[in-house]
Amino acid sequence: MPPIAQEGNCLIYRGSNFLKQRLILACLSGKPVKINQIRSEDETAPGLREYEISLIRLLDKITNGTKIELNPAGTSVMFSPGLLHGGQIHHDCCVQRGIGYYLDALIALGPFCKNPLQCTLRGVTNSKDSPSVDHMKGAALSLLKRFLLVDEGLELKVVRRGAAPLGGGEIIFRCPVRKSLRAIQFQSQGMVKRIRGTVYACKVSPALANRTVEAAKGCMLKFLPDVYIYTDQNKGKMSGNSPGFGICLIAETTDGVCFAADCCSNTREESDTPTIPEDLGKEVALRLLDEIYRGGCVDSSYQWLAALYIALGQKHVSKFLTGALSNYTVHFLQHLRDFFSITFKLENPEVEDEDEAEDVRGAQKVLMACVGIGYTNINKRVT
């Protein structure tokens, strides 16, 4: 949805959708953004939710000079971004959303900070409404490494797990800074060569984790022999504040592309019937197969991140092959046009050679192409 108005440099939007996209792009572009009518028609709980306010506080911590104005009802917010400062940060995330919701913003902004990011986030490490930390470690960090070239100082470490709804987990995220991102041409996804996974169990019987492993492995071994799933069983303080278990599978291709899928058990609030480990294992295996069928050179959850990095890259042509674009990515491309006046050429690649046709199996692919805007990290110290 395009901005409804523009006052000088300030973009004005309406509604709560894609709030995170708008705030991330405001921080990168330096343009203030005003968002009106945030759930103004919701009679029970109008305005910003607690997890959205927590995200704004996190962005305030990693920037210097940010101004935030909220109206008393919380239905309108004015966000004037400061300089991306980075450094060492501790943040308690709202448990209404997983840590992945907040980590998305840090991965997008991290390379452009003045000082290398070192963030300690506490909250829910695995939830249904945002990618788990294992998912991000496999899919998002592998994508970021392609643009950073040297990945020294890039790390995502799970200190302790925390299942929904009460959380209690903790992660440490470190990200180096760069003057600029390189232009990239990445059009070959390769063939899946191995599958790795992690099953976690917090405050539940270890047998549930083992049953989940067997079910997921049983599905994946029909396709390739190199399948290994680790179990991460936690007790006491290391297991967070809520019982739960879940699984994350990552498929790695010959060209270093990672596809990921994750699944976690129901909480008592979501369902009275307990989650069956065998069903969970099969569901995550089918989700991963669906992700592999969609294909491309990036996991579907992080198509938007690939689009951001190639848009901000050096002033050369970048090309990136993805699977069918998700709804979230389509809106992100529209927001990129609003904030940076950059448009992409999107086309379905035609396969002429039969040898190439074997490599491009699965769903119809999309080739994203654009000339980078040559974004330079003005916050980085000159050494």
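The backbone N, Cα and C atoms fix where each Cβ goes, glycine too.
A TrEMBL annotation is a machine prediction, not a hand-curated record.
Taken from TrEMBL, the feature domain 'RNA 3'-terminal phosphate cyclase' covers 13-345. Mean per-residue pLDDT, taken over the domain 'RNA 3'-terminal phosphate cyclase' (13-345), amounts to 93.
Annotated domain 'RNA 3'-terminal phosphate cyclase insert' per TrEMBL: 188-292, in sequence order.
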TODO: Please list, for the domain 'RNA 3'-terminal phosphate cyclase insert' (188-292), how many residues fall into helix, strand and coil according to DSSP.
DONE: 35 helix, 36 strand, 34 coil
